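Pulled from Swiss-Prot, these are the features on record:
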type	residues	note
COMPBIAS	827-839	compositional bias 'Low complexity'
COMPBIAS	864-880	compositional bias 'Low complexity'
DISULFID	60-126	disulfide bond
DISULFID	172-219	disulfide bond
DISULFID	275-323	disulfide bond
DISULFID	366-414	disulfide bond
DOMAIN	37-142	domain 'Ig-like C2-type 1'
DOMAIN	345-432	domain 'Ig-like C2-type 4'
DOMAIN	578-673	domain 'Fibronectin type-III 2'
CARBOHYD	79	N-linked glycosylation site
CARBOHYD	102	N-linked glycosylation site
CARBOHYD	208	N-linked glycosylation site
CARBOHYD	447	N-linked glycosylation site
CARBOHYD	467	N-linked glycosylation site
CARBOHYD	560	N-linked glycosylation site
CARBOHYD	696	N-linked glycosylation site
TOPO_DOM	21-703	topological domain 'Extracellular'
């Protein structure tokens, strides 16, 4: 069955229309994970071999539709290098729609049609422009299909006679050269043989020959690209005779058969090792290898008659193989076969760097494997590094930029190249420009300049050029920094942007948002960093951004422009790893610490950093933003928060071209304000405070120090209070002593009561203390009554303790107690049941008035401040 399938394939190949044949290099192993900025070559052009006059198509596909495609070309040289020796130099851009080449673009695919001529043979590259980034593919070779016979090879005709049962190996195709590798057809007596007789490289292999195998053998090579056929100059006459038991012969080689061999294989392919030789009786082959352990007895090898087949060839299969042909007759025949396994180049350590500052020295590393050893070269935004005066390639392939300049910003690629092809890896290099220190253009008036003559004028230090990251199809995130400086303070920032590459130059557009500078503190060694988002953009367009800083002198200064940024649609972007928020630690009253992780299968090298968003959980306003540089970060401290406040946080990872989805929201809180240890516990009535302090409360002082300070404060408070009390008592005594020198009857009567009011029957009445609100309109009558009572001084009095008002009693007095007090006052004053006397006088005493009983003199204490203005009129208190 395999022989039938092989025959059908050969027939289809030979009868199909002839054209360009791709060079069948083995597929390289899967690419290792390396930092991809989101734009790359998905399918580079393939090398082709075609005859003159044919039209071939080179096809290139990128991960995203670029702004435009360009193709570059270099003439083919025998060793595949340019004149100056660099494999990455000497390429020139092709003019589109020319007679030699025609370029078409369809979304993310570009096709180059080339007419095969002597001046179009060479190497081609596909270049895709993504804003300021130029991504270059690996090279594709366009070679001419050729078939020829080695001119120095003589015509050979072999005569072989062997016994039946042997196996014969005839190297017919050695004199023929073909590009691409020729397909072989073998003939016996002019009749074509089946493909089951074919070996590798034009070798005819006849197994277990018989008398019927005798005949004249020849071969013919066919170029699969051009269809050209050429007959080999070698022929062989084979005569097979029956074996005789009496004739024995040790294994030997026939004339023209190779002895020692060197075989080259490509990693991943299939290798067939042949062991020629005949004998009588027919010998048996035994395989071994002094260099490779288990070279024969494994799942990838199969022992055939006079051959060893190795599938899925690996680099470890390189070495020496020995074939012993033994038929029992000494000596056995030994074959030494040297196997070399070639490997396409593969970059195992790609270049990677996050961000560099202008003027810094940077070394980019690139390591690759391959056999033969690959040669390393570098492209800086599509241009060979040998043309850059600041670039130097070290012998180990690493690239050194002695002083990074703004022109180095873009796409940096490392290429590894050997005879089997090329492999590349790239990264987006971001350069932070140096801050431009410019003096303020505003000038003071003449007098002010005289007063400040000799002083250095204040400077306006502009922010750095912003770095741009895609957030969505319509928004981006900007990151910039203000370097440490002693210049004018910044009040706020404005973001400006404009589209580029659309014909007429567009004006700058300014966003409405004022981005506050915040606290005048530097949050890093470099200065202070800021972030802001810009929305309402349009995808598939290229933008430039800049930051406008407004200073305290009401002047402004803009930053340098950002690099061109092409806003790509998110549907074509690979998703970024989404961080998972683990926990939020309470760091202090104004700071928390975020902890997160990535999934185990997440590619960390795709990440440039993280964005942290936060806001108070009670707020529905905009999120505050913080930038976390570095893909390996797993925690971050966020400060300048409110004490004892619950915040909600979310994260997203970002790269130069895109950002991930948001992580799940998670809440955390800052520590509560510190509580002093001198604060006394608050006790509720009948309840003892047993509250345990929260773990958020922080005591900044030790208990001994705090207790000492608290005790001292209490002692000082006690001494001050005692002094104030003594001072007030002394003033009170002095006031009373001074008042004795100026006695007044009204004041004396306020402090005395008549003797008849001290009778036992009156004791109960005197014990009451009643507060009555008087009519303010009766104050004039009260004054007249007081003057009358002052004249009646012939009664006997005794002194008693004064009764003072208690202001809260006004709140507790009910209407019922007021009525009882009025009735008591009527009985005491013998007012004939008329309590209207209350509205006439509040201070009473016995008076010598004929026809009237003795009057009761009552004390009217002075009003306290709290009893004033409780109603629309003046309020007085009367004590009975």
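Placement of Cβ uses the backbone N, Cα and C atoms for every residue, glycine included.
A map of Swiss-Prot features onto the structure.
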residue: 126; record: disulfide bond; contacts (Cβ under 8 Å, 6+ apart): 41, 44, 45, 58, 60, 69, 71, 110, 112, 136, 137
residue: 208; record: N-linked glycosylation site; contacts (Cβ under 8 Å, 6+ apart): 165, 166, 167, 305
residue: 219; record: disulfide bond; contacts (Cβ under 8 Å, 6+ apart): 172, 173, 184, 185, 186, 187, 202, 204, 231, 232, 234
residue: 275; record: disulfide bond; contacts (Cβ under 8 Å, 6+ apart): 285, 287, 306, 307, 308, 323, 325, 335, 337
residue: 366; record: disulfide bond; contacts (Cβ under 8 Å, 6+ apart): 347, 349, 350, 351, 376, 378, 397, 398, 399, 414, 416, 425
residue: 467; record: N-linked glycosylation site; contacts (Cβ under 8 Å, 6+ apart): 355, 430, 432, 478, 479, 480, 562, 656
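Note on residue 102 (N-linked glycosylation site): other Cβ atoms within 10 Å of its Cβ, all shown chains, come to 16. If you take the Cα of residue 560 (N-linked glycosylation site) and the Cα of residue 102 (N-linked glycosylation site), they are about 39 angstrom apart, rounded to a whole number. For the domain 'Fibronectin type-III 2' (578-673), the DSSP-based tally of helix, strand and coil residues reads 3 helix, 45 strand, 48 coil. Each of the disulfide-bonded residues 60, 172, 323, 414 was scored by the number of other CB atoms within 10 A of its CB, and the lowest score belongs to 323. Every protein chain shown contributes to the tally, and the Cβ of residue 560 (N-linked glycosylation site) ends up with 20 other Cβ atoms within 10 Å. With DSSP classes pooled into helix, strand and coil, the tally for the domain 'Ig-like C2-type 1' (37-142) is 0 helix, 53 strand, 53 coil. The residues of the domain 'Ig-like C2-type 4' (345-432), classed with DSSP into helix (H, G, I), strand (E, B) and coil, number 6 helix, 49 strand, 33 coil. According to DSSP, residue 323 (disulfide bond) sits within a strand segment.
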